[in-house]
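What TrEMBL says about this one:
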DOMAIN    1-359  domain 'FMN hydroxy acid dehydrogenase'
BINDING   Tyr24, Tyr129, Arg164, His254, Arg257  glyoxylate binding site
BINDING   77-79, Ser106, Gln127, Thr155, Lys230, Ser252, 285-289, 308-309  FMN binding site
ACT_SITE  His254  active site, proton acceptor
Amino acid sequence: MEITNVSEYEAIAKQKLPKMVYDYYASGAEDQWTLQENRNAFSRILFRPRILIDVSKIDMSATVLGFKISMPIMIAPTAMQKMAHPEGEYATARAASAAGTIMTLSSWATSSVEEVASTGPGIRFFQLYVYKDRNVVAQLVRRAERAGFKAIALTVDTPRLGRREADIKNRFTLPPFLTLKNFEGLDLGKMDEADDSGLASYVAGQIDRTLSWKDVQWLQTITNLPILVKGVITAEDTRIAIQAGAAGIIVSNHGARQLDYVPATISALEEVVKAAQGRVPVFLDGGVRRGTDVFKALALGASGIFIGRPVVFSLAAEGEAGVRKVLQMLREEFELTMALSGCRSLKEITRDHIVTEWDRPRVAPRL
């Protein structure tokens, strides 16, 4: 059966993957209200397309932190991709590079920064978890720099791991033939079996709960790479992040895997964009499955979006070819949405191209 949209990969992944692995990728925290809301909130934003505009040429190219990419659709960090497919992060890196876009590598990848760099050229960001042992952090950041990574995406919403009940039921742990490759030499690459989720126990033991804004400043003393703060959903934290020297913000609720009953990221986006006042770019992840979703995020002020689960599901289904296809389908859908909305470049996508629940009813201008 031919795959015609991104969401169809999830069912194929569910068939192919062991239950423990599929559940790890698919599930959210607790009641999974935010997991559903991340998708549902997009469906409540409607278009106000403009017609009779020459859309014979459409330019989707974007600039992210000074890097030119083919489209504003990038790859979010997702952990342990070799659970999905033997080539794991290698395949994802090659697919991103072929599509002319950015891949973010997870700290908890099953391939190291050096291995991913060895796949060839490409613009890559490194997602960072801050470990209790700051030497580990400093070493990891230096390795990412040396391997040619261009930015650090600092995850700030995980002082503790969210309660993911499927992982507890399944006693989730990293399969024995895999390691968290970036930590292999530091004796932090293995995850022990636990009475609940092995990952939750690992996080409790290794990740620093004292992480605060001063650490964002500390990070800037050990690297010249730009720092994206990933996991901001309020105006207050947006302002503090910018004061603390963030080069950009990723509006994220960690794929609805941390605190349940936070708003969908698309619902929080405009608050963050307004607080940023154009001082730094704002990006979004969470719930993007269609080109229409990408357009809606850009109309609300995002400079680009990141996709997570579609990558691991397509990787599980078809390896590198699957990830390439997801990026291609989103690209084509986004291009079509731009054309049908009357936009020929990203700068032509405006707030007036959409209407949201929180907009005031429009009064037709008097003639």
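The backbone N, Cα and C atoms fix where each Cβ goes, and this holds for glycine too.
Note: the CA-CA distance between Arg309 (FMN binding site) and Tyr24 (glyoxylate binding site) rounds to 11 Å. Counting in whole angstrom, Lys230 (FMN binding site) lies 8 from His254 (glyoxylate binding site) by their C-alpha atoms. Ranked by Cα separation from Tyr24 (glyoxylate binding site), the binding-site residues Pro77, Ala79, Asp285, Arg289 are led by Ala79. Pro77 (FMN binding site) sits 11 Å from Tyr129 (glyoxylate binding site), counting Cα to Cα.
For the binding site of glyoxylate, formed by Tyr24, Tyr129, Arg164, His254, Arg257 according to the record, the largest Cα to Cα distance is 19 Å, rounded to a whole number.
With respect to Asp285 (FMN binding site), the closest of these binding-site residues in Cα terms is His254, chosen from Tyr129, Arg164, His254, Arg257. Take the binding-site residues Tyr24, Tyr129: by the count of other Cβ atoms within 10 Å of each Cβ, the lowest one is Tyr129. Its own atom aside, the Cβ of Arg289 (FMN binding site) has 22 Cβ atoms within 10 angstroms in the protein chains shown.
Counting every protein chain shown, the number of other Cβ atoms lying within 10 Å of the Cβ of Arg309 (FMN binding site) is 24.
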